[in-house]
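K.L.:
Here it is, the structure, as structure tokens.
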Amino acid sequence: MTRLILASQSPRRKKLLEQAGIPFHTISSQVEEKTDPTLSPEELVVSLAMQKAEAVFKKNPENVVLGSDTVVSIDGRVLGKPSDKKEARDMLRMLSGRTHEVFTGVAVLSGDKTRTVCEKASVQFYDLSDEEIDGYIKSGEPFDKAGSYGIQGLGAVLVERISGDYFAIVGLPLAKTIRVLREFDIVGDWQA
Ligand SMILES: Cc1cn([C@H]2C[C@H](O)[C@@H](COP(=O)(O)OP(=O)(O)OP(=O)(O)O)O2)c(=O)[nH]c1=O
């Protein structure tokens, strides 16, 4: 078994860490995500990332554990994953023709150290017609994603431009995460 555990069930996060050549294995945190409405989006994603990392670390105290969380923010509202079609439609209507922020928090824990980081990106959406929104929802893509879209999939056609770290939108700010992991002596195959 490798020393680093990714506390996530997200196939995207797994793929991104693999892309960076980091050896790790995955254990899903299964935490019930506790959200506190008084927190800013930055504080919220860091707190949820910590909850996920801590849940897995408790059972694996010899390991280094990485947890992460992503939310979308617009007009002072935080959007997580939609619970049904209606919620997905409401979210996509809200994002249509406007710029929103995506925040991803990362928490890394070991026996003697804790580090947290947050990365933000801005995403400008094209104007979306109701037909386009309904067609996109039919693809099934929105349901396991914050803000009801996936920029790395079919959702790419909704996006006019982005500013910031693309990988923070997909769920793991890769370069920043790698720099944190180096503090825990976790390096990629290519660096070893
Ligand atoms: C905005 C956006 C979000 N997302 C995803 C990233 C996250 O996986 C998801 C937000 O849900 P999260 O609760 O951050 O993560 P998760 O439930 O998928 O996985 P885990 O908690 O086990 O780590 O939305 C995309 O894949 N593409 C996008 O463009």
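Quick reminder: no glycine exception, Cβ is built from N, Cα and C everywhere.
Pulled these from TrEMBL:
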- Asp69: active site, proton acceptor (ACT_SITE)
- Arg12: site 'Important for substrate specificity' (SITE)
- Thr70: site 'Important for substrate specificity' (SITE)
- Gln152: site 'Important for substrate specificity' (SITE)
K.L.:
Could you state the whole-number distance in Å separating the C-alpha atoms of Arg12 (site 'Important for substrate specificity') and Gln152 (site 'Important for substrate specificity')?
P.N.:
9
K.L.:
Under 8 Å between C-beta atoms and at least six apart in sequence, can you list the same-chain neighbours of the residue listed as 'active site, proton acceptor', or say none if there are none?
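P.N.:
Same-chain residues close to the residue listed as 'active site, proton acceptor' (Cβ under 8 Å, separated by 6 or more) are Glu33, Leu44, Val45, Val46, Leu48, Ala49, Lys52, Thr104, Gly105.
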K.L.:
Sequence gap of 6 or more, Cβ distance under 8 Å: name the residues on the same chain that satisfy this around Thr70 (site 'Important for substrate specificity'), in order along the sequence.
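P.N.:
Within the chain, Thr70 (site 'Important for substrate specificity') has Cβ neighbours under 8 Å at Val45, Val102, Phe103, Thr104, Gly105, Ala146, Ala168, Ile169, Gly171.
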